[in-house]
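Below: the structure, in structure tokens.
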Amino acid sequence: MAPRLQLEKAAWRWTETVPPEDVTQEHIEAAYRVGLEPCQRGVCRRNCRGNPNCLVGIGEHVWLGEIDENSFHNIDDPNCERRKKNAFVGLTNLGATCYVNTFLQMWFFNLELRQALYLCPITRPVHVKAEGAPAYKDYEPQAICEHLQYLFALLQNSRRRYIDPSGFVKALGLDTGQQQDAQEFSKLFMSLLEDTLSTQKNPDVRNIVQKQFCGEYAYVTVCNQCGRESKLISKFYELELNIQGHKQLSDCITEFLKEEKLEGDNRYFCEACQSKQNATRRIRLLGLPGTLNLQLMRFVFDRQTGHKKKLNTYIEFSELLDMDPFMEDKVGVSGYELSAILIHRGVSAYSGHYIAHVKDPQTGEWYRFNDEDIEKMEGKKLQLGAEEDLEPSKAQTRKPKCGKGVHRSRNAYMLVYRLQTQEKSVTVEIPAFLQELVERDNSKFEEWCSEMAEMRKQSVARGKVKHEEVKELYQRLPAKAGSPYDFVSLEWLRRWLDESTPPKPIDNSACLCSHGKLHPDKIPTVKRVSEYVADYFYERYGGGPRLTVTALCRECVVERCRVLRLKSQLSEDCKAVANLLKGPVKRDDGFWVGKSSLRSWRQLALEQLDDPEGDADQSNGNMNGDAKGKDECSTEKQEEDDLKFNEDIICPHGNLCVSENERRIVSREAWEKLCCYFQNAPEFPGSKDSCSQCKVLEREGEENEALHKMMASEQKASLPNLFQDKSRPCLGSWPEEVDELYVVSKFFVEEWRKFVRRPARCSPVSSVGNRDLLCPHGGLMFTFASMAKEDSTLIALIWPSEWGKIQKLFVVDHTVRVIRRQPAEAGPGNAHYVTEPELCSDCREGLLCQQQRDLREYAQATIYVRKVVDNTKVMKDSAPELNVSSSEAEEEREEARLEGEQDPDFNQANSNAKRQKVSHPNYVAYQKQGIRRSTRHRKVRGEKALLVSANQTLKDLKIQIMHAFSVAPFDQNLSIEGMMLTEDSATLGSLGVTPESVVLLKADEPVVDYAAIDDVMQVCLPEEGFKGTGLLGH
């Protein structure tokens, strides 16, 4: 037995010998466990919830041990945000701007570019100080050059560990939440920067982009016939190298410069020959820039998927690159050294992370730039271009070994080489106005550091004060024997000892009984403390109500004593009542008790004793959730379970029920024993008569039941064929013996049959109710053809002989009939049919239009997509684990389901049918009458159900199909009833896709490349690139 249960049992052991009327203050204090010994620290490992005097393990160890100043605050050391000595400054990732950060760091280490930008004059608002010196007050960069100047100045002299590039990103109009193509960003920004600097007067500033990054090559075409050579000279800012099929950088450059043959349809028009001739074309490098950018084309277009993909192949490159063998003129000054590597981590072209490895040109040391984090690469960490993938590749290849000065990378997408002849010891000085801006930012940073340090200091001071306060109060917390005391919520005490949450006012309301005092069962949730500490708590924190010695509830203790004694006596009383029920009892001497109550009185007594304060609105049984949606039988059973003792023989009028089969007489002695457990049970002496009102209703019910049975028998005898649904007429094959048939609502016939079958339970049908077949103008809503086909389930045809009997048995509000008319000169097959009343064409047309409109305006409906393939094995083998419901076993299980079982597709179809809007009142009437056509769709193999809406586009549907069948949208050929669905922006409603439609899917080629599927899923939205940003002049 658990200690808490042992303590609880010991607290009430005195009830075995003490009756409720003899309870004293000593017994009350025992029930509240006032006299239990308090636990000692070191002996008790955790708090004893059954002992209100145990004050161990409630959070006091934090305050009684050694002081840890860091525990008094949650403020990080501001010096952690300070730039370390001889370290570089990082850049904040604003969401998905890591590709921008890598280029900014790489351009920052281009000393010539940085110096040129510093020389670029910018118009600035100037504020004059009192001494006459200029001050740049409230300066905000506007142009791109200004933002780049300010960023470079901060990267050079800021005291922060990292800075925020949001001004620069915002000026370009970039979306911080969308990752873009880094190579495209580099090209567009260089073009924008060159255009911006072109207006500068200083040639060192105006030509810096061309000098640093611009090279020259020529497209040379040679005619095979006459040998004429044609040159087209062009500039370049980077060389785009194909890496597919190559392992070394030199091979990539060789392929870029290789000769191309122009033959066949691709022949070259030679101006000398004045005709198309076979020719050769190649690229010749004429001049190289100071900084050579080599773009490794890792992101290529995949023709199979129609989207970009990443090539995760290793490329070998060296730290020194001799471009002399690749030049047109061998000048001997084409030696380059590696200065930066831009890396993309991740296997997909549409996700991942960008990192830069950059070499400090002044020290020759390599650094790893990962947004805010910067790490020096030395020793074993000096592995250029080596970064682990964020995601494991499907085909992990082992990294090959390489020699000194040579590196291999599967993630490097740009290599930056610097001309060796360029001066490395360039001194870059920050202009005065930029330096002042940097100092202003540094001052703000120092102010922030001081504020944070002061806040930490104040938090530590408050923590020390509270530490001494708690330490002193905890020593005086236990209540001594014989001294005044209070009970305080254990939860509040723990919050008071919790340094992270300031304590709120004391709230003891959850511990109160119905008498407004401390409930005996709430002892595990409170602790007994000294009056001195309680006075301090309430004076400082407030709250209440206070639970002093006067809060011990005598009424609750006495009641619990009575209940416990009854529970121990229950077994003996059960035997005694059982023996008393066996003996004969005179009616006038006994009491009426419900048989159901007698069968379960022991269980009812136990439940009442376990919950003596049970509210009337709480049930005695198990809670089975919300009663909504249950049938009437379940509701009645629930109400029956909720009845208390002897309430099962109370009639609706509050008197004794009529049926004596539900009750019996018990002796007075047995009744008195039962009353000990059920003091508020309804009492009915044996001499009491049953309810007079119920007797009258019973007699009337018997008379009505006999009348209904007689009516049902008479109606069944009058209309036997209509009841049994035999020999019914059909409009499709008109019976020759009659020229007219009558029409009634199918709902009327169904309700009448229910009454005839169970006249005692169902109400009789009095009226035919043909008004539901007519429109508001009194015209018929159905044509002869529709009643013969699609609307045949809504009507019932009546023979003329039956119609006369119906007129006698029921009230006929409107007569509806179909008449056959056959001209004398016409043959038997030329008869035509008319209805009375005639068809209301306008209302009929309106109803049909509304039905069609409802089919195209659904909010949620089920459609079926069926994959059509020539070889079923292709469908199963393409992506078996993604094709969840394509297995034969599952399809067979679905087909084997019974009509009554839960089928999600069947339920969705029905729920959609209920959601359709119908404007015509008569159509609504049919829905209310319960007439429904079967909408169950029999699924076949290769078919899946999808939930769609009418305003959903075809493109959205294709994305759903891609998830279900693993077929990319561009490989999907969709059709419905022979019509191809091709307009991606059109809605399903406008394309005629209605609920329960079957859409046929034919895939051009099954997609088995899982990385390609992942890429497609990430580009469901159209790829906008840098459209609308400042990089394109917007």
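Cβ coordinates come from backbone N, Cα and C, glycine included.
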Of 166-185, 246-265, 386-405, 646-665, which range does TrEMBL call region 'Disordered'? 386-405
Segment-level pLDDT (mean, integer) for the domain 'DUSP' (458-553): 87
For the domain 'Ubiquitin-like' (948-1001), how many residues does DSSP put in helix, in strand and in coil? 15 helix, 15 strand, 24 coil
What is the three-state DSSP composition of the domain 'DUSP' (458-553), stated as helix, strand and coil residue counts? 49 helix, 19 strand, 28 coil
